[in-house]
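Take a look at the structure below.
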Amino acid sequence: MDSSPASPPQLTAPETNPQTRAQTSDETMAEIRPCSPLDGPDPDDCRKDQDLTDDPGTGSTDRAQNQKFLTGSRLRLVSTAFGIANIMVALDSSILATALPTISSNFGSTNDIGWYGSSYLLAQMASQPIWGMIYTCFEPKRTYLLSLVIFGVGSVLCAVSPISACLILGRSVTGFAASGLLAGSLSIFGQVVPLRQRPQGMALMVSISNVASMMGSTIGGVITDSILTWRFCFWINVPLGVGCATVIGLVLERKLHPDQELPLKDKLYRIDLFSFLLLLSSLTCLFLGFERGGLSISWSNPKAWGCLLGFALLGIAFIAIQAYKGDHAVINLKFMRQRTIVVCYLFSFLYGLAISTHQWLLPTYLQGIQYTSATLSGVICLAFSVPMTIFGLSTGFFTTRFGYYVPFMWAGSVLYVMGSVLLFRLDADSSPGHYVGYQILAGAGCGMAIQVTFIAVQVVVSPQDMAHACNMEVLFRQLGSSIAISLAENIFLSSVTSPLEKIVPGESSSILATGIRSFVQLTKSLPSQEQLEVRNLLDYGITRAFILPLVATSAAAIASWAIEWKKIEEDREPPVLMELS
């Protein structure tokens, strides 16, 4: 495909001959797609070439009419539907945290408790790359609706589970569909909203998801303790999913991309299910390694380091296949040649580590050390999520207003580092002013910085690459989040298991089986003297684990200075993917 035609491109209607339709579509897309920094030519030169095609006689007016952006009530409806879908995904990732002891007790399956969350995260992460290719090869609207259906089926399967294995299967199904919902909401939203207006919409969706994720454990605890039982944590997804599907089905109409006219055999080749299985196997080895290493078995045991070796070998095989497949890979390595994209992916991964660690351990600190209830700890943790939402929305507003987004990444990353340092210093003697104020500072910085990565990626890629690039952005953040939970819990448990056995003999094995949450329950059930010792031990373990977000935010702040300074000058037209009905 020649990116520098000798003469100005002319827009022509596609031929009706079926044998030449795909070829004509490819040529047309090559001529009309906006220039991208990945393509090489200078953006100013590209703009001049595009200006030449905007002559009324070339047919650009017809093209503009067929590529309208969403506005008014339809934009609000679609944004609401995407927001609700993202809330479902975010809630599902954390809503079981406080319900796990009840579920394991009902099923009598203490050994499976870790897989109720891990099965969801593994399926979500491993399938994230292929969903980007699915949205490229198949019609986006129908693909998104299919994701909603699969998510609903998985939720029902979880809600009616008679045994533990059925619940794990249902969680895997919902995790697979969740990645499709995330990929679809970001890519479709980017196609139907002008680039200059996207920061506000993206900020709203991401902020809502963050709040839902932070509140998930509290909501799950309230539902579990009520007459609804833990099964309603999954039933609630069914009516929400039906509402989202209705809005998307009525507002958006299908519009084909050239890749969507390929034969089914070629589409399946591009989706590459074998790579999906490789990535799933690699991540499973990593999770198993963190689950066992240094806890139930030592790191010198082949069962521990063998898992990490399997993760590395399978990961190398996965990357080699992606390099071999080139532009048809589920993870296109060409993005790694663009500086801004590399910075954004690294930044998202590190922030996934930091945010998830804070969201996971702050409620534990409040309940186990400050002796707050589960509900009150959720309310106090709003001090992190509410500023994150407010400053995230403000970042989106000012980016839309002025076009600059890099300063927000720089300022926000510095604030989050400061907040992480202060949260690291929390102890049993910290006052409410400390653990509330520190969260406000950290949440404000996090909200400012994390929003920038989504819009920065869209600025430097062509509309045809947007779905794939945004999908990889989500993947890196999910990877960081998932590793954070396993790694933070490993750091915590390895720090406290041996000392705990000396204080309360026989309790360390149950703590290893049920995880960090059961440590909180143990602390409150002991006599005063032993309770003080276990409380100090809990404080020590949390402090050790808080090193992880401190290192991650510091590294992200340093990496942010490598991002390219750009301004959103004007709106792009959407790619030929979606059309209003």
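Just so it is clear, glycine is given a Cβ too, placed from its N, Cα and C backbone atoms.
Automatic prediction, not curation, is the source of TrEMBL annotations.
Summarising the annotation, TrEMBL assigns region 'Disordered' to 1-66. According to TrEMBL, the compositional bias 'Polar residues' annotation covers 1-27. The transmembrane segment annotation in TrEMBL covers 77-100, 120-138, 176-195, 202-223, 229-252, 273-290, 302-321, 342-362, 368-390, 402-424, 436-462, 542-563 (among others). Under the heading domain 'Major facilitator superfamily (MFS) profile', TrEMBL lists 78-568.
Sequence-distant contacts of the transmembrane segment (202-223) (same chain, at least 6 residues past either end, Cβ-Cβ under 8 Å): 79, 82-83, 86-87, 89-99, 185-186, 189, 229-230, 232-233, 355, 359, 363, 374-375, 377-379, 381-382, 384-386, 388-389, 392-393, 395-397, 447, 450-451, 454-455.
Non-local neighbours of the transmembrane segment (542-563) in the same chain are 339-340, 343-344, 346-347, 350-351, 353-355, 357-358, 361, 364-365, 368-369, 406, 409-410, 413-414, 416-417, 420-421, 423-424, 426-427, 449, 456, 480, 484, 487-489, 491-492, 495; each lies 6+ residues outside the stretch with a CB under 8 Å from one of its CB atoms. For the transmembrane segment (436-462), same-chain residues at least 6 beyond its ends with a Cβ under 8 Å from one of its own Cβ atoms are 33-39, 186, 190, 195, 198-199, 202-203, 206-207, 210, 335, 338, 340-341, 344, 347-348, 351, 354-355, 358, 362, 380-381, 383-396, 399, 405-406, 408-409, 411-420, 422-423, 426, 469-470, 473, 556, 560, 563-564, 566, 568, 575. Per-residue pLDDT, averaged across the domain 'Major facilitator superfamily (MFS) profile' (78-568), gives 83.
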